[in-house]
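Colleague: Dumping the structure here so I can ask a few things about it.
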């Protein structure tokens, strides 16, 4: 280590302000297997050199502050400081660069996403020397990964619980999202489940409002689940949203769901918070409940290309905190999501080992070792004509969720569910026979519609519906 970057208590305390780069920019540093690595997109203020801006990010997200303090001499900053070890330009952006920062593992509490984010995406994002700052990716070392429980159950255990294999799972968000009474809500759930869906879902903003208190909703939905199971012979579920104003109330709702014997509950992990989410995930594993995660508020954090945090980081954090499903965009529907980037973080959710691949936005190789995987949920503006593309893009280990694409069917909820189930089964069969879903998708759907009047009606209603806007999230 060069004399410039080494911090020695023996030289005595010298008050004053010095450039961050003298201590925190260390281009010769060799990263350790135990370091947490971060890739930041940095937009400095005019006149701030890249080395100084990158070093400032490393400093302000680890041990540094704006001036020298005498207590620096009471510890070893070389052991604990973050280091900006590499800087690279951003193609097509003269004012931006990627700063790579390494953090010693001792800076973070074991098993706490909350603590990790408090440092890495804390006050540094308001630093005046930066015009904008975005966390593009994190490398979580194996040593830190092993301190997390992760998803309550994971993909294989969920399939075993549901006894459903070889195809994506089908879901539906009950609409209108607000305003239904508990009994009418339960009726809508029943109609969808008996028609062929595997799951129905509370909308993310359904908690416990005056028009429908949570306990009433839970009871009527449980009744709908059991009735649909008896009629179809299949295991069914409804994502009962346990999100609440306090952790205690959230846990009370999860306990009641377990007492009803339902298979799955739901949480809004960003608005609810990582501490609450991790607590709920631990409860779900201990009590046999699956946990569906909604990402409400994510676009506030991840949609701007130059500031905030990319969703792949939020996806990694969710896998650590715990969840069996998480919404991940659709590529083809009404919500944001470019194909290669979406598939990049979908792999980060599902797979054990993911190689670095900058073409898909993956900055670091990630080894999850034995942490269970998470099912990505495709939801938002999708309908039967999208089924071939969704099946081809997301594969079997996914949940395809049609809200308006089920309840908007001209004949009602159950026929809407039938249409989606028939379309899915047709696509899976065609794929298994070796047909090209991307090229022959429409033909496959039309052929299935000839013997399914429910699917034929759905095809007619949504034949002209498209959401063709350019994606914001591009490389």
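Backbone N, Cα and C atoms are what each Cβ position is placed from, and that goes for glycine too.
Swiss-Prot feature annotations, pasted as is:
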type: MOD_RES; residues: 3; note: N-acetylproline
type: MOD_RES; residues: 14; note: N6,N6,N6-trimethyllysine
type: BINDING; residues: 123, 173, 177, 295, 327, 379; note: substrate binding site
type: ACT_SITE; residues: 175; note: active site, proton acceptor
type: BINDING; residues: 201, 203, 204; note: Mg(2+) binding site
type: MOD_RES; residues: 201; note: N6-carboxylysine
type: ACT_SITE; residues: 294; note: active site, proton acceptor
type: SITE; residues: 334; note: site 'Transition state stabilizer'
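Please situate the listed features within the shown structure.
Modeller: In this structure, residue 14 (N6,N6,N6-trimethyllysine) belongs to neither helix nor strand by DSSP; it is coil. For residue 14 (N6,N6,N6-trimethyllysine), other Cβ atoms within 10 Å of its Cβ number 8.
Every protein chain considered, the tally of other Cβ atoms within 10 Å of the Cβ of residue 295 (substrate binding site) stands at 23.
Less than 8 angstroms from the CB of residue 175 (active site, proton acceptor) sit 203, 403, 404, 407, each of them six or more residues away in the same chain.
Reduced to three states, the DSSP call for residue 203 (Mg(2+) binding site) is coil.
The Cβ neighbour count for residue 201 (Mg(2+) binding site), using a 10 Å radius and every protein chain shown, is 29.
Following the DSSP three-state reduction, the secondary structure of residue 294 (active site, proton acceptor) is strand.
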Colleague: Let me know the most crowded of the binding-site residues, choosing from 123, 379 and counting other Cβ atoms within 10 Å.
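Modeller: For the binding-site residues 123, 379, the Cβ with the most other Cβ atoms within 10 Å is 379.
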Colleague: Given the binding-site residues 203, 204, and counting only Cβ atoms in the protein chains shown, which has the most within 10 Å of its Cβ?
Modeller: 204
Colleague: Can you see whether DSSP assigns residue 173 (substrate binding site) to helix, strand or coil?
Modeller: strand
Colleague: My understanding is the cutoff is Cβ-Cβ under 8 Å with a sequence separation of 6 or more in the same chain; which residues meet that for residue 327 (substrate binding site)?
Modeller: 293, 294, 295, 376, 377, 379, 380
Colleague: Just checking a number: largest C-alpha distance across 123, 173, 177, 295, 327, 379 for the substrate site, rounded to a whole Å.
Modeller: 37
